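Lifted from TrEMBL, the feature list:
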- 41-162: domain 'EamA' (DOMAIN)
- 214-352: domain 'EamA' (DOMAIN)
- 382-401: region 'Disordered' (REGION)
- 34-54: transmembrane segment (TRANSMEM)
- 66-87: transmembrane segment (TRANSMEM)
- 99-121: transmembrane segment (TRANSMEM)
- 133-150: transmembrane segment (TRANSMEM)
- 162-180: transmembrane segment (TRANSMEM)
- 212-232: transmembrane segment (TRANSMEM)
- 244-267: transmembrane segment (TRANSMEM)
- 279-301: transmembrane segment (TRANSMEM)
- 313-330: transmembrane segment (TRANSMEM)
- 336-354: transmembrane segment (TRANSMEM)
Amino acid sequence: MRTLPACCRGSDQTAAAMVEAGEKPMAAAWSVEAVMLPASMVLVQAFTMGALLLSKLALNVGMEPFVLLAYRNLIGAIIVAPFAFYLDRAMIRKVNLKVVGLLSVSALFGIVLAMGLHYYGLRATTPAYSVDFLNLIPVVTFAMAVLLRLEKLAARTLAGRMKMAGAAVCVGGTMLASLYKGKLLQPPWPTHLLLRQWHHPAATAPAHHRNMALGTVYLCGSCLAYALWFIVQVRVARAFPCKYLSTAIACVSGAAQALLIGAAVSHGRAASWRLAWDLQLVAVVYSGAFNTGATFCLISWAISRRGPIYPSMFNSLSLVATTVLDSLLLGTVVSVGSLLGSLLIVIGLYAFLWGKGREMAAAADHHHHQNNNKPNAAVVAAAAPADHHHQNNNKPNAAVAAAAAAADERV
């Protein structure tokens with residue numbers, strides 16, 4: 001058997017050592033990412049749960065929803081602004097009246113209507129009940145996109161049938177949680193801790209604010225507004241694809257609109273806007289810093305690494321944790337109907353996300369196959385990498401994918 005010369009054997013060993021040395025940091029980075037990505041999404045769910053509970057407590061002690069909304073988005077804009085000026089500074093000169101107008105319309109749907117109605121619904125109901133509707137946002141966006149002929153049902157494919165089945169189960173779960181209570185369950189944990197241990201006035205909502213029927217109407221309106229906002233976001237991303245800068249401008253616009261509406265609703269009472277070192281200030285700072293600023297950055301990172309469906313896979317964590325903490329701190333009753341309704345919503349959401357993920361994977365494979373068939377595909381991709389982003393945003397199902405990704409980001 002022939003043997004290689006010593007010089008060749010040495011070069012082969014050197015090359016193998018270099019490959020092995022290069023693979024080690026890549027494997028280490030992948031293992032760190034495999035831990036950090038799910039940990040960051042769990043953190044996002046914790047931020048969502050904390051924002052819901054703190055907002056409910058602030059609303060219970062008399063804070064107006066639009067006051068909370070205005071302050072929250074102002075703080076969110078301050079948090080996101082450094083990222084916008086550093087990462088999107090090249091696009092600042094392209095901000096014009098058309099861009100500001102589009103972002104103001106986006107803020108009207110996504111901040112003033114969607115978040116404002118959600119706060120009114122939260123004030124009239126409970127955090128455990130309102131969190132169910134957050135899981136409906138991708139499904140409602142899908143239904144709205146179908147009605148507006150922005151997306152096809154694709155009923156002949158397995159993915160399309162799973163999406164429709166998941167949507168139907170989610171709607172059934174919402175109706176069950178809303179209309180059927182059933183037997184009241186005795187939780188294995190203590191309840192009413194805020195009232196029993198600390199006698200805090202935020203533990204109970206004023207009687208004139210408690211209205212489950214009206215709160216359900218508000219929460220349904222919030223879901224519709226979110227669906228319209230995600231559809232508007234497709235056009236915004238096409239016209240101005242700068243996520244940090246557009247978010248900062250939308251937060252400022254949303255805060256200004258909420259300020260005007262809040263001033264009208266509060267009849268100009270300065271006391272409604274005065275913040276002290278109390279629970280209302282904690283709710284404002286927490287919601288703006290963590291549930292707008294930090295959550296936006298974490299979800300953007302997760303989407304860039306795992307795709308738009310990945311963040312919504314963790315939504316059930318906030319649903320379960322909010323139900324437990326709502327009962328633990330505020331004494332909200334857990335019934336058979338609410339428990340079964342929440343379970344159906346989670347099952348329907350995951351069925352819908354599975355179908356959506358299969359559909360997006362098939363579209364990506366088709367797009368990749370088309371590019372491989374083009375002789376100059378590599379040259380085009382190298383010369384114009386930004387075009388791929390625009391093509392993805394122009395797909396009809398971009399609104400639904402965005403809704404699946406960012407439901408937690410806006411609450």
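A Cβ is built for glycine as well, from the same backbone N, Cα and C atoms used for every other residue.
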Tertiary contacts of the transmembrane segment (162-180) (same chain, 6+ residues out, Cβ under 8 Å): 129, 132-133, 135-136, 139, 142-143, 153-155, 212, 216, 337-338, 340-356, 358-359
Helix, strand and coil totals (DSSP H, G, I; E, B; other) for the domain 'EamA' (41-162): 101 helix, 0 strand, 21 coil
Within-chain partners of the transmembrane segment (336-354) [C-beta distance under 8 Å, separation at least 6 from its ends]: 128-129, 132, 135-136, 138-139, 142, 162-163, 165-185, 309, 312-313, 315-316, 319, 323, 404
Stretch among 34-54, 212-232, 244-267 sharing the most Cβ pairs under 8 Å with the transmembrane segment (279-301): 34-54
In contact by Cβ distance (the transmembrane segment (244-267), the transmembrane segment (212-232); 3 or more pairs under 8 Å): no
Helix, strand and coil totals (DSSP H, G, I; E, B; other) for the domain 'EamA' (214-352): 119 helix, 2 strand, 18 coil
Contact call for the transmembrane segment (244-267) and the transmembrane segment (34-54): at least 3 Cβ pairs under 8 Å, seq gap 6+: no
Residues of the parent chain within Cβ reach of the transmembrane segment (99-121), under 8 Å, 6 or more residues beyond its termini: 55, 59, 65-66, 68-69, 73, 130, 133, 215-219, 221-222, 225-226, 228-229, 232-233, 235-236, 239-240, 246, 249-251, 253-255, 257-258, 261, 410-411
